[in-house]
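> Starting off with a structure, shown below.
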Amino acid sequence: MMFPSDTMFGVFLVSQLCIGVPGNLFLFLLYMHTFSVQRHVKRLMDPVFSHLTLANTLTITFTLTPHIASSFGVRQFLDDVGCKAVLFMYRVTRGVSICTTSLLSAFQAITVSPKNSKWAWLKFKLHTQICPSFLFFWIINMLIYIRAIETITATRNLTLVGRGYVHPYCQTRQFGNQNSGTFLSPILIHDLVFVPLMIGTSLYMVNLLYRHHRRAQHLHSSRVSSQTSPEHKATRTILLLVSCFMVFYFSNNYVTLYSFYAHKKIPRLAGLSGVLSSCFATICPFLLMKNNKIVSQFTSSFSQ
């Protein structure tokens with residue numbers, strides 16, 4: 001039986017899908033056009049941005065589609081194979097998004113580091129590490145989550161009690177069993193590697209920006225204090241991106257862990273987890289558009 005609240009929630013999810021997917025695809029296609037036609041405009045970080053938008057597009061699609069179907073009362077939308085395929089793609093693309101955001105933060109920290117920094121020697125090698133990093137992210141996430149997805153099956157019992165992962169159409173195979181934690185273990189291990197890296201490099205950049213601001217104040221020069229270099233603008237954008245990621249990441253993890261260990265499952269929590277896990281991917285392209293030279297050139301071409 002469908003309730004008005006379910007329909008309203010479904011409309012909200014559809015609107016999130018219709019905002020996030022076109023936004024990420026727009027940026028991705030714009031970057032692809034730049035790489036093929038305007039190579040002189042391309043910057044070091046642009047391939048990382050384009051890879052992030054691609055991962056975000058896939059994350060939103062595989063996250064929200066089952067929740068939208070469930071909200072509008074579609075039953076048996078996914079069978080066992082469908083559950084494994086959709087959750088595998090969702091987990092892999094979300095993991096790639098986390099890895100790419102960490103890479104973005106690390107690369108920017110190296111880029112803005114002083115010349116006498118111990119990381120300065122890496123600046124000249126960054127461009128050679130981008131594509132191998134992308135390949136590594138996809139392979140490592142596939143290897144991590146293939147084991148977790150083996151524990152997933154289609155939901156057969158509408159009343160679920162005990163420890164386990166719940167999705168509108170899927171659940172862990174050994175529901176209520178101690179071994180059901182096998183699903184969460186690789187996810188936590190993966191995040192414990194890349195999220196601290198993201199936090200550490202972000203704090204390093206915050207420290208650099210703070211020291212730059214103090215130095216500008218000390219010089220008492222209006223010209224120096226009013227001008228902001230492109231590197232510092234990019235750093236502020238990436239810090240905003242990482243801050244946004246952290247808010248939704250920890251919120252989603254709290255809801256996911258609470259739902260996993262709750263004795264009696266609350267179906268709406270699965271929908272809330274889906275919203276939170278795709279919020280960063282939805283907002284990300286609009287944060288990247290800020291102070292983006294490629295976007296500015298694209299929009300200015302229409303005003304001429």
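Counting begins at 1 with the first residue displayed.
Glycine too: its Cβ is placed from the backbone N, Cα and C atoms.
According to TrEMBL, the transmembrane segment annotation covers 12-32, 44-68, 88-110, 130-149, 187-210, 238-257, 269-288. Here TrEMBL flags 23-288 as domain 'G-protein coupled receptors family 1 profile'.
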> Residue list, the transmembrane segment (238-257) vs rest of chain: Cβ under 8 Å, 6 or more residues beyond ends.
98, 101, 104-105, 108, 184, 191, 195, 198-199, 202, 205-206, 209, 269, 272-273, 276-277, 279-280, 283-284, 287-288, 290
> When the pLDDT values for the domain 'G-protein coupled receptors family 1 profile' (23-288) are averaged, what is the result?
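When the pLDDT values over the domain 'G-protein coupled receptors family 1 profile' (23-288) are averaged, the result is 82.
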